[in-house]
């Protein structure tokens, strides 16, 4: 059944818990805001102003380089020093490039010669280790690819390099992207910068932790069922999942090909948007990449002076009712409801919307993703791809190579997917899951016809303890309930921090998820940027580096 929209209900009567988000946030005086857009053609000019807009590390870096206030080498050394100090605690990286300083020196030479700089010049970018990088290991967090170095860059990585970005290293992940905590990596467990006894989320936990701890400026992750958005929420950073087809998947190691997308992490909405613009566009090497023109996302950003008193007046926001039901921590619910009130203060019309099919997404997702993974990972047999275990005959070689190369979670999903695709069960599981996917797509379309943006929590809880759910895969899977439906529908979504709950040495961040219509990332970025800029007393710098970062 296609979901129906319930009668709208005002949110103004919701009361927030005074021990939660309101003690961290308040609305900035709107007289301090600006309505001047930052367009692509004016990025250079904006970056040369004494106060680059949007709290953007990318624009600040460009300003520092062009003004000769800092050199690229100094910037790189600063981040590498912080990386060396924090990495023993976090273990975000599986590999750190040894050519960062050499690339920074080359950039300084270009500046001395007054050569034109790319928009990402000097920007230190971390890459999730399931995205191929030439001259750097790419293991997908799996022993089956241990020691593998691709002969080419993924399209997204190539675009970053062409625009002047410096790849600082490869970040940790759950093996082949299968997990929600980064504990399923074959190499190490990454910790959360807000509390090193807790998980950073997954599967892109290394990329999120690296950005949160300022080990790099921005990073790439992949999102199959929430693997960019949930870690962004846990680590207090911005995570952006684009529309399926917006970014080329060439060079992304396939998990579930109809769901996988490459996404972006940043410490600000502006940085995530600038990075998305850099990697977007059609690619002849990926038949699923869209030929739609990529809009100028930076045109959606406003600086901090003279914004209207209701900058989002008339915008229709739908708060998904099913995401605030039982099973969601009260602190998360309170933070999201307070964020909804904040949007009302900015001029939005916020109403609750019901998506009755929402709960169907989780079982459908795990059937479809596991089925696709069983097919995609069949290539790692020790003959065509992957490390080979010596054996006396071929079948033993196949079995031993896969048995020793894959971890327990990957094996579990391959077995589940193979079962769902097997004769006699295909119609009962895979075909039915595809039908549910169609229902969910129609459900979102109905809701987005009535609303500009939908909002929800990014996860049912804040970051939990390392090991807490490792031996209970069903509990871990249930944590993806907020995010998987968006992948099934192929829609864009982003998560940005909206408050805190109790826990850890300085509280734990909570992320607000914003969902838009297909290829409408620009609207998401505009709303998220204004939301972000109008939060006050809400400093999302983890205690691990709080004394160092101003």
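The backbone N, Cα and C atoms fix where each Cβ goes, glycine too.
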Listed range which TrEMBL flags as region 'Disordered', given the options 32-58, 59-85:
32-58
Which residues in the same chain, at least 6 apart in sequence, have a Cβ under 8 Å from the Cβ of residue 203 (active site, charge relay system)?
141, 173, 174, 177, 178, 179, 180, 182, 184, 221, 222, 224, 227, 231
Around the Cβ of residue 128 (active site, charge relay system), how many other Cβ atoms lie within 10 Å? Please give the count over every shown protein chain.
32
If you draw a 10 Å sphere on the Cβ of residue 227 (active site, acyl-ester intermediate), how many other Cβ atoms land inside?
36
Within the domain 'Amidase' (75-525), what mean pLDDT does the predicted structure show?
96
